[in-house]
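Engineer: Shown below is the structure under consideration.
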Amino acid sequence: MVLMDRRDGSSAPQPKMDVVDSHNRKSSSDSFSDAEKVEKKRGGWRAVTFILGNETLERLGTIGLLSNFMVYLTRVFHLEQVNAANVINIWFGFTNLTPLVGAFISDAYVGRFKTIAFASFATLLGLLTVTLTASVPQLHPATCNSKDPVSCSGPNKLQFGTLLLGLGFLSIGAGGIRPCSIPFGVDQFDQRTEEGVKGVASFFNWYYLTFTVVLLITQTVVVYIQDQVSWIIGFSIPTGLMACAVVMFFAGMRLYIYVKPEGSIFSSIAQVIMAARLKRKMKLSVEDDGTVTYYDPPVKDSVVHKLHRSNQFRFLDKAAVIIEGDLTSEGVPANKWRLCSIQEVEEVKCLIRVVPVWSAGIISLTAMSQQGTFTVSQALKMDRHMGPKFEVPPGSLSVISLLTIGIFLPIYDRVLVPFLRRITGHKSGITLLQRIGTGIVFAILSMIVAGLVEGVRRTRSIKAGDPNGMTPMSVFWLSPQLILMGLCEAFNIIGQIEFFNSQFPEHMRSIANALFSLSFAGSSYLSSVLVTVVHKFSGGHERPDWLNKNLNEGKLDYFYYLIAVLGVVNLVYFWFCARGYRYKVGSQMGDLKEDKSIANVEMSSKTNK
């Protein structure tokens with residue numbers, strides 16, 4: 001198999017470039033025309049089909065396994081709802097921290113293909129391990145006998161350890177797949193061409209579509225099998241799908257474009273900060289009067305947009321100021337820790353601008369995380385029948401949010417955006433930050449409605465006097481809060497994904513997607529802290545805590561109101577962050593003919609050496 005030795009994703013190779021196959025054998029320049037024919041067949045939608053197929057089956061596997069996990073932990077592992085919620089939140093938080101490590105390894109050492117390949121095997125191993133906890137009797141607690149309370153004991157160390165081992169493998173898999181799947185798909189298109197730009201935009205649309213379809217299938221079919229048929233079958237199906245995902249990913253190896261790792265972006269960030277610190281005593285005038293020379297060489301061929309020097313965070317500009325001894329006779333930095341380019345400085349500025357906006361998204365995602373924990377607990381105590389025979393699985397209720405997204409997005413794109421465009425004059429109707437802020441508002445409203453519904457449910461349940469705490473109230477009373485949460489996702493989640501991918505430079509996309517996963521990690525840990533603190537301090541003096549395992553004795557509605565209050569505080573913070581944000585401004589490299597020609601000459605000279 002012939003691998004493409006290039007960094008930019010374009011199909012035109014440099015003269016005399018060596019083409020390396022999978023066994024690291026070099027071909028001579030005489031065979032260059034044959035290699036060029038092979039390269040032209042790489043990338044594009046043929047390659048993306050395999051990437052999307054692998055991504056879809058992988059998500060079907062992992063989400064299908066974990067979409068009903070709260071019920072599995074409480075029914076099969078006999079954990080109390082607070083402990084089960086903490087297990088999910090802590091594991092989910094750790095899972096969303098690992099993409100930072102995966103992004104670093106991918107960008108600095110092994111590349112995106114190898115990272116995804118290794119992570120896929122780790123995910124498959126994790127799914128197999130968790131499936132074993134359901135299928136092997138010794139790996140889960142004995143079935144609970146209502147007449148014998150002792151039989152309802154929780155898991156022993158072996159059982160709980162095996163479960164955590166499986167979740168650990170899943171975290172490793174997520175750490176490699178999540179930050180690399182979108183960038184690896186984008187790598188298959190040449191963004192210097194109009195066709196490539198359209199291909200990237202279409203790829204994002206298909207990515208969102210397949211993700212929604214996956215969630216719909218897992219929240220209905222897979223959850224129903226787990227809840228009504230068998231946990232073993234319900235876990236085996238996602239595991240089998242993951243095995244198919246691994247096979248499909250490797251089936252497309254001959255079609256992929258492999259972009260070589262260019263070194264860790266973390267090193268570049270550290271170099272800019274260190275260079276600016278070493279020159280911190282330097283004085284820069286407010287206006288550029290021409291007395292200071294900045295290091296601004298032609299950018300790498302992999303860069304699509306060249307960033308202009310901005311006046312924000314000007315203390316970092318000192319890292320790019322050329323002083324005596326900074327450049328060698330060849331015109332390159334003598335020490336990268338003392339002199340960085342304008343492009344590298346502006347990339348660090350992009351990161352600094354994004355961090356406050358990123359941090360504001362954590363609390364709104366904390367509201368979303370309640371769908372998989374306490375909303376499920378509410379559903380278990382409500383009437384879930386649709387007709388005389390069919391009963392809705394509690395883990396399937398989030399389908400309401402997904403349907404809301406599926407119905408609302410076309411209306412938003414075809415009706416609301418043109419209407420808002422006429423009012424605001426913005427091509428997208430509203431800016432990305434306005435879209436994220438709107439999602440935060442819907443998250444607050446969702447928690448307020450959730451609290452109101454829970455208050456009604458608890459009152460009716462107490463009046464009914466059912467010994468098991470069942471409520472003569474349809475589970476679809478939970479629909480309003482789930483619809484509002486779906487609107488939150490339509491604005492906030494999609495807005496954040498687009499925001500991070502558009503505001504980061506091209507080669508930092510792995511970091512951008514890792515940062516988005518880090519938002520979920522922060523929300524999971526914040527949710528776990530809130531649950532633990534509220535559970536510990538809200539009760540006392542013979543008064544049950546808000547999150548008591550008996551919902552009728554607790555005050556779950558107060559917990560929802562607490563998250564709503566935090567959301568209001570967060571909204572004010574986000575407003576201040578958004579006011580001071582400056583969107584990334586750069587030039588399309590295809591328009592910079594002079595810089596492009598210089599870059600080509602430089603590349604050719606290096607190749608001829």
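Cβ coordinates come from backbone N, Cα and C, glycine included.
Here's the feature list from TrEMBL:
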type	residues	note
COMPBIAS	18-35	compositional bias 'Basic and acidic residues'
REGION	1-35	region 'Disordered'
TRANSMEM	60-78	transmembrane segment
TRANSMEM	90-110	transmembrane segment
TRANSMEM	117-140	transmembrane segment
TRANSMEM	160-186	transmembrane segment
TRANSMEM	206-225	transmembrane segment
TRANSMEM	231-251	transmembrane segment
TRANSMEM	351-372	transmembrane segment
TRANSMEM	392-412	transmembrane segment
TRANSMEM	432-453	transmembrane segment
TRANSMEM	473-494	transmembrane segment
TRANSMEM	515-538	transmembrane segment
TRANSMEM	558-578	transmembrane segment
Engineer: So, taking each listed stretch (90-110, 117-140, 160-186, 231-251, 432-453) in turn and counting its Cβ pairs to the transmembrane segment (515-538) that are under 8 angstroms, which one gives the highest count?
Structural biologist: 90-110
Engineer: With the transmembrane segment (392-412) as the reference, which stretch in 60-78, 160-186, 351-372, 558-578 has the largest tally of C-beta pairs below 8 Å?
Structural biologist: 60-78
Engineer: Determine whether the transmembrane segment (90-110) and the transmembrane segment (160-186) share at least three Cβ pairs under 8 Å, counting only pairs 6 or more apart in sequence.
Structural biologist: yes
Engineer: How about the transmembrane segment (117-140) and the transmembrane segment (206-225): at least 3 CB pairs under 8 Å, pairs 6 or more apart in sequence, or not?
Structural biologist: no
Engineer: With the transmembrane segment (206-225) as the reference, find which of 60-78, 160-186, 231-251, 432-453 contributes the most Cβ pairs under 8 Å.
Structural biologist: 60-78
